[in-house]
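Please read the structure below before turning to the comments.
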Amino acid sequence: MQSLSLRAHAKVNMHLWVGARRADGLHSIESVMQRITLADSLSLSRLDIPGRCEVCSPYMALPRENTLTRAYARFCQVTGVHDGVRVRVVKRIPAGSGLGGGSADAAALLCGLDTLFGTTLSARVLREVAYSVGSDVPFFLASQAACVLGGGEQLVPLVPKTGYLGLLVWPGLHSGSAQAYEDLDRLRACGVHAADGEQYSLRGATALSAHYAQDCARWRFFNSLDTPVQRRYPVIALARWDLARAGACFTAMSGSGSAVFGLYRDEEELRRAHKLLAKRWCWCVRVRLCR
């Protein structure tokens with residue numbers, strides 16, 4: 001095989017509890033994630049330069065070192081493959097939005113490299129390689145929806161939520177995850193609650209799965225990063241407020257932001273909300289939850 005094309009779907013966090021920092025530097029998390037129809041497109045082709053991963057994106061300048069180059073390097077280390085590859089990425093998922101674009105791209109590349117070079121890695125090895133690239137990357141290998149636990153390495157598949165349509169609003173700013181977690185640690189050191197819902201006992205995959213199965217209007221999900229991120233970027237709270245005012249039955253900031261999303265029950269509700277919010281926000285996109 002000389003080339004192939006792939007899609008890398010974004011995700012939203014319906015829920016994100018963040019615990020203490022672990023010895024490995026990561027925080028313990030318990031999250032409910034689901035993939036959505038917003039996706040980047042990747043085209044892979046063999047390159048006649050051993051050990052080279054050329055990445056180009058026609059609409060966005062990518063840093064020299066990124067999740068794609070890290071994924072290629074780790075793949076080569078594990079498999080012993082050193083053939084070159086050219087990766088063309090059409091970015092639709094905003095960077096620094098909390099929608100997992102970089103992680104989704106890395107997961108798609110790992111699967112694509114495995115196919116392109118015929119290495120037939122086991123699911124376990126592929127997950128280990130993915131986790132070494134980034135803590136979110138394993139989720140994007142197979143799961144449409146999952147409870148994500150530990151440092152991101154523990155996945156408990158969920159039945160994907162259906163019956164809702166989504167509206168994404170991105171305020172156009174980059175919210176770094178490292179900064180968000182540092183701000184969270186500082187707030188906790190001062191005795192400040194990170195999220196209004198943290199006192200609720202939604203802990204563990206069993207409780208999260210049962211809660212996720214309920215109607216979204218009954219959800220008590222929360223995001224531990226809400227307070228630290230929205231203190232730094234108040235416009236994110238405004239975007240979420242606009243979604244609620246436009247009739248969303250559930251709203252949340254995804255991951256460490258800066259994108260927020262709302263869930264709607266039918267096309268007409270979604271159409272009205274999109275028409276209203278598109279006048280206020282430069283990036284407002286309708287999506288579906290992946291099944």
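Every residue, even glycine, has its Cβ placed from backbone N, Cα and C.
Summarising the annotation, TrEMBL assigns active site to Lys11 (among others). Listed in sequence order, the residues of the same chain lying 6 or more apart from Lys11 (active site) and placing their CB within less than 8 Å of its CB are Met33, Gln34, Arg35, Ile36, Leu99, Gly100, Ala104, Asp136, Phe139, Phe140, Ser254.
TrEMBL lists 66-142 with the feature domain 'GHMP kinase N-terminal'.
What TrEMBL lists as ATP binding site is Pro94, Ala95, Gly96, Ser97, Gly98, Leu99, Gly100, Gly101, Gly102, Ser103, Ala104. In the three-state DSSP assignment, the secondary structure recorded for Gly98 (ATP binding site) is coil. Listed in sequence order, the residues of the same chain lying 6 or more apart from Gly98 (ATP binding site) and placing their CB within less than 8 Å of its CB are Asn13, Ser175, Ser177, Met253, Ser254, Gly255, Ser256, Gly257, Ser258, Ala259.
Residues annotated as active site in TrEMBL: Asp136 (among others). Cβ neighbours within 10 Å of Asp136 (active site), excluding its own Cβ and spanning all shown chains: 25.
The domain 'GHMP kinase C-terminal' annotation in TrEMBL covers 228-273.
Within the set of binding-site residues (Pro94, Gly96, Gly100, Gly102), the lowest number of other Cβ atoms found within 10 Å of a Cβ is recorded at Gly96. In the structure as shown, the Cβ atom of Ala104 (ATP binding site) sits within 10 Å of 26 other Cβ atoms.
Surrounding the centroid of the Cβ atoms of Pro94, Ala95, Gly96, Ser97, Gly98, Leu99, Gly100, Gly101, Gly102, Ser103, Ala104, where the record places ATP, the chain contributes additional residues within 8 Å, namely Ala10, Ile93, Gly255. In three-state terms derived from DSSP, Asp136 (active site) belongs to neither a helical nor a strand segment and is classed as coil.
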